[in-house]
């Protein structure tokens, strides 16, 4: 029974009637976002060293170095600008990060030259923001004592994505002879599902916030008429 207690605790958190609309959509969106990201990690080296790019080892090193530099700096800079300059909410910055992921993978899929592949690396500067904010945004909707349980759920999805990403390799192998970049459109599609789920959740929460105001306004009008 003790071995099952962590799973029971996680289940109770995710099935909580008062919080599941705040937790389950971001978790589901994260599933697609992290799947696409792990797919990028798995397939990038295969893609850029084969046709149509066929990059030399030196250029592959430059690509990874520039990507690491861009993404390590972008997370801090993007969050700083979004909060201080644009006063953007966490979910808006999260949507921006996922949109950056979609654009980057689409450009990689269309890449035919070294210039476009480096452009794709630059356009993906928001990807770390999406990955980090998915966790922090959702953690704000649970009590402090349950944050660890929520993070365990995120880490489980993260670990599972490395196993399920074998499907991305199969897509790459199946489409390579026809169009080598097709798998990147598949990954961009996964990111788009995460984007749509996050956007839908945002609109749903906005509607829920407006509903009590509408109800209270209607009640006030009724009281005035009665008086």
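These residue numbers are counts, starting from 1, taken along the chain as shown.
Note: Cβ is positioned from N, Cα and C throughout, glycine not excepted.
As written in TrEMBL, here are the features:
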- 22-48: transmembrane segment (TRANSMEM)
- 60-79: transmembrane segment (TRANSMEM)
- 91-110: transmembrane segment (TRANSMEM)
- 116-135: transmembrane segment (TRANSMEM)
- 147-167: transmembrane segment (TRANSMEM)
- 179-200: transmembrane segment (TRANSMEM)
Candidate ranges 22-48, 147-167, 179-200 - greatest C-beta contact count to the transmembrane segment (91-110) (under 8 angstroms): 179-200
Contacting positions for the transmembrane segment (60-79) when only residues 6+ beyond its ends and CB under 8 Å are counted: 45, 48-49, 93, 96-97, 117-118, 121-122, 124-129, 132-133
Leading contact stretch, 116-135, 147-167, 179-200 vs the transmembrane segment (22-48) - CB distance under 8 Å: 179-200
